[in-house]
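Asker: Sharing a structure here in structure tokens format.
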Amino acid sequence: MRVAPPAPFPEPLAPGQGAGPGAARGRRKPGAGVSGQDMGPEEQQRRGSGQMGSELDPEPGPGPEPTIPPHDNFALFLSRRFGRLGGLIGAHPWPFLLLPLLLSGSLGAGFLFLPQRQANDIEGQFTPLGGPAKSERRFDQEHFPTRDSERFSGQRLLTEGAFASLIAVSASGNNILTAGAFGELLRLDGAVQSLAVPGGDPGTQLSYPDLCVRSNGSCGSPNPLLAAVQGEPARLETLLPQLTYPVFGSSVFMGTFLGGVQLARGAGASRVQAAKALRLVYYLREDEAADRERSLQWLENFLNAQARALVLEPSHVAYFTSISRQEEFEGNIRKVIPLFSITYFLTIAFSITSCLRVDCVRNKVWVAAFGVLSSGLAVLSSFGLLLFCGVPFVVTVANAPFLILGVGVDDMFIMISSWQQTNPKNKVEKRMAETYAEAAVSITITTLTDVLAFYIGIMTSFQSVKSFCLYTGTAFIFCYIYNITFFGAVLALNGKREEGNRHWLIFTKVKDIVQPHRSYLYNMCCVGGFSDKSSGGEDEHPMNKFFRKYYGPFLTKIWTKVFVVLLYGGFLATSIYGCTQIKEGIDLRNLASDDSYVIQYYDWEDEYFSEYGPRIMVTITENVPYWNLSIRNDIENCMESLENNSYVDKRLSESWLRMYENVTRSRSLNIDTKAFFMGNLSELFKLFPEFEWDIDIRYKEIAASRFFIQTVNVTTAVDEKNLLHQLRDLAKDCKIPLMVYHPAFIYYDQYIVIVPNTIQNIGIATGVMLCVSLLLIPNLLCSLWVTFAIASVIVGVAGFMTYWDVNLDSISMINLVICIGFSVDFSAHISYAFVSSEKSTVNEKAVDALYLLGYPVIQGAISTILGVIVLSAAQAYIFRTFFKIMFLVILFGAVHGLVFIPVFLTFFGICGRSANKRVNIKTIRENSNSFSNTQNPNNVWCYENQIDSNGDNFLEDNIIRQPNDIGMEKPNSGYLRSNFFPVSQNHDSSSCLYQNNAVIVYKKQIEQLHDEGKINPDCP
């Protein structure tokens, strides 16, 4: 969202540039300036033509530089340079039109590298870089390597593994543990195991038994109950009386295989009576590269060719694989591409509609169309450049074109609005100079805030956010460059058409005077080129009139202000409450589209298998003397502290050290010395071979060992966050060097960094925006108001995320970064317009600011929302979330800019014109030569604050005040001279215009002018 700020001051321009910043919408009001009745016929003729006499329009060449207060130097520098650039583009548009096209074509070739640059690995993009779990996994992989072909154990996996999983739910919804249901499950199992892929040798096929993980020389069963019935469903009847839960037999954990379990009452409280769901898991080998490749082929065959044929009834069996999440995530890009064409159409339609005029000459249909094209070229160039440079392209970047399109159109509206306020009778070069002197400064500052916000976002810990911010920030830079060059050239060429009074469609010359004898339709289609006679610019837009005449006065009424304050109080209270309820972390199911087959699997997993959570590895990371009894007691105390946690079921823990102590105690073996402890481990491994995988023995020392604890009731993101923090804190507080790990912790790590990262990015960006605001608004208190507005919008967006079911995750964090830059666009310019207004009361200042910026705010808000609104129809959470937060950002930003900020500023008049500086006449007397004989006698000067702070008239001493540089009116460009700006002598206080550099005159000259009535006595 872009809004053009009013320009900070009038300035002398280089030859052919026209007026300084403020020439357009920024400072000039319709009807302001020198009225026709105060000028002679010759003067009116010269003004109407845009020409002035030599005494007021000096020859080309730089004149003396005005003395500009330091805080205005930056804006003055930009305005002057852009004015010259605008004049250059107006004189020579074709190079600025063609070079961006050639550059876009060249950089667009970078899209050839897109397949190589795509980096949609979910773990790499949506988990924090350098997360603790990743280092924990590396440690465990070093000390406890897996061997899928020899000794597979599901609970000892250090990654998710390669697998296919099926969840079967009872057709009746009551019990799946029946002979009939098991008969179907066995047929399903047979079909899965018979799936085959081409083998290494020509003509050979490899089925699941050839690729499966192995333990003790055989494939592991997909479910312990299928192994127990041994292929005969009738055996289930005899098995059920012995089936217990959650542990079957002596050691088989059933929590992940049987769901919706109903247990018997009374003495046999652990015996299973019924179950609603059963899970089958088929693990495949990943030891060698060849194994991984063939397993991947088998999983793809499972999904693409056979999955639908495998299910018994589609509503009763859901399937999932280890590659499903990734494939569904990557498929989101293909589904959102068609939406971009819809967005492009909507944006073009809105742009053309906004630029339509009844005047067949002033119509800017082509300008609007090429303005949208300019944004498209920016996307092509920026993405192509970064792809050339090897920057990873992630799925979140697919959101960027929608945003860039809306923002580019906002800049276009600013340029067009500034152009329309220039005098159509001036040369194109001069109109372009005036347009650029104001509009280019505006879009420079707003682009600067947005680009800084995005580049600050690169500091985050999430690669997906880094890539999005880098691509989008760079695209904003290209969008800015192309708006200044390519679109400016289009505007200049269109201006030359208008200068020749040619029809917008057929480019033939038309008459500029209404033909009374012709029909209304003829005059509308074939007569054009009108302008506002009072202002010299194009006719006032009806929306500007609405803000000036209706909305502004209504908003500044006392009862309206009371209502606005109450409304803001309700908004703030609702937002703060929402912030306290916000959920953290990304739900992995949200990475798939809504119609994905994985959604049903996730739903059933939550419904039937959520009682038992991940099985956590507890690793002793250093070599400790296990034979020392005190050390063993410390280890036991650590285990007990972990088991006493509310998320852990102590009955399901597994510890090789406890079993070792039990074995040695039952056999009266000594383990209190190193030699006995290490020598007797073989006895443990004979009874429990799997424990050999939990002890890393190197050079006759135990380098590391691990135990297992079982978590329960980890059902929400809050539970996941609490579990991670509590277990790590307990491990940290232990006397023994402990580490807890599970593959799910890779994703849980986002809870550690998501809030600190968000606060860090918002804090830094807000500070930077405050500095930029101080450049834009040379008033500390009003800059603080801008910062307040930024904070208010961020709190509102974050709070309402809760009500719209949006979590605080890496995706929404991207949008909160965007929120900062866009908040500045709304609030800074409204505040600056209020500060810059020369009106005498705070209510009039607020109305003036709304008149200048109300319609551009609405235009920018609508165009930005149109840029992302099609994402609301996307089937993927990523894109819908982007729309939701962008909608909130634009809505709340616009409401702050159009409602809250104007009202609040009226409560603090101190944000108006700052105190005047005192200037000693004696020190600069030789520089004062204001009322020379060569000046037009109609030109008079009006001074602000003719009474000093002591109540004495400044005519009675040698001190006068130098008017403040903020509140000033831009005089007609024809009156601009090197250092001094003459002003008309309209006798009303609203037409009193102020000049940055006070023209110093002697007392008697001022007295004479007062006597002659040439100084407006109503001026303050």
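The backbone N, Cα and C atoms fix where each Cβ goes, and this holds for glycine too.
Pulled from TrEMBL, these are the listed features:
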type: REGION; residues: 1-72; note: region 'Disordered'
type: COMPBIAS; residues: 1-13; note: compositional bias 'Pro residues'
type: COMPBIAS; residues: 59-69; note: compositional bias 'Pro residues'
type: TRANSMEM; residues: 336-358; note: transmembrane segment
type: DOMAIN; residues: 336-493; note: domain 'SSD'
type: TRANSMEM; residues: 365-387; note: transmembrane segment
type: TRANSMEM; residues: 393-416; note: transmembrane segment
type: TRANSMEM; residues: 436-458; note: transmembrane segment
type: TRANSMEM; residues: 470-493; note: transmembrane segment
type: TRANSMEM; residues: 558-578; note: transmembrane segment
type: TRANSMEM; residues: 759-777; note: transmembrane segment
type: TRANSMEM; residues: 784-804; note: transmembrane segment
type: TRANSMEM; residues: 810-835; note: transmembrane segment
type: TRANSMEM; residues: 856-879; note: transmembrane segment
type: TRANSMEM; residues: 885-908; note: transmembrane segment
Asker: Cβ under 8 Å to the transmembrane segment (784-804), counting only same-chain residues 6 or more beyond its ends: which ones?
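Answerer: Sequence-distant neighbours of the transmembrane segment (784-804): 571-572, 574-579, 581-583, 762, 766, 769-770, 773, 777, 812, 815-816, 819-820, 823-824, 826-828, 831, 884-885, 888-889, 892-893, 896-897, 900-901, 904-905, 908, 911.
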Asker: For the domain 'SSD' (336-493), would you mind checking the mean pLDDT of the predicted model?
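Answerer: Value for the domain 'SSD' (336-493), mean pLDDT as a whole number: 86.
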Asker: Quickly jot the same-chain residues contacting the transmembrane segment (810-835) by Cβ under 8 Å, restricted to those at least six beyond its ends, or write none.
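Answerer: Sequence-distant neighbours of the transmembrane segment (810-835): 1-6, 8, 126, 396, 399, 403, 442, 445-446, 449-454, 456-457, 460, 462, 464-465, 468-469, 586, 750, 754, 757-758, 761-762, 765-766, 769, 772-773, 776-777, 779, 782-783, 785-786, 789-790, 793-794, 797-798, 801, 845-846, 848-850, 852-853, 857, 860, 864, 877-878, 881-882, 885-886, 889-890, 893-894, 896-898, 901-902, 905, 911-913, 966-967.
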Asker: Is the count of Cβ pairs under 8 Å between the transmembrane segment (558-578) and the transmembrane segment (885-908), pairs 6 or more apart in sequence, 3 or more?
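Answerer: In contact, yes.
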Asker: Would you call the transmembrane segment (336-358) and the transmembrane segment (856-879) in contact, using three or more Cβ pairs under 8 Å, pairs 6 or more apart in sequence?
Answerer: yes
Asker: Answer yes if the transmembrane segment (759-777) and the transmembrane segment (365-387) have at least three CB pairs under 8 Å among residue pairs 6 or more apart in sequence, and no otherwise.
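Answerer: They do not touch: fewer than three Cβ pairs between the two stretches lie under 8 Å.
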Asker: Same-chain Cβ contacts of the transmembrane segment (856-879) under 8 Å, 6 or more residues past its ends?
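Answerer: Those are 1-4, 25, 332, 335-336, 339-340, 342-343, 346-347, 350-351, 354, 395-396, 398-399, 402-407, 409-410, 413-414, 417, 543, 590-595, 811, 822, 825-826, 830, 886-887, 890-891, 893-894, 897-898, in sequence order.
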Asker: Using a Cβ-Cβ cut-off of under 8 Å, list the residues of the same chain that are 6+ residues beyond the ends of the transmembrane segment (470-493) and lie near it.
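Answerer: Tertiary neighbours of the transmembrane segment (470-493) are 82, 85-86, 89-90, 93-97, 99-101, 366-367, 370-371, 374-375, 377-379, 381-383, 385-386, 391, 393, 397, 400-401, 403-404, 407-408, 411-412, 415-416, 419, 428, 432, 435-436, 440, 443-444, 447, 450-451, 454-455, 457-458.
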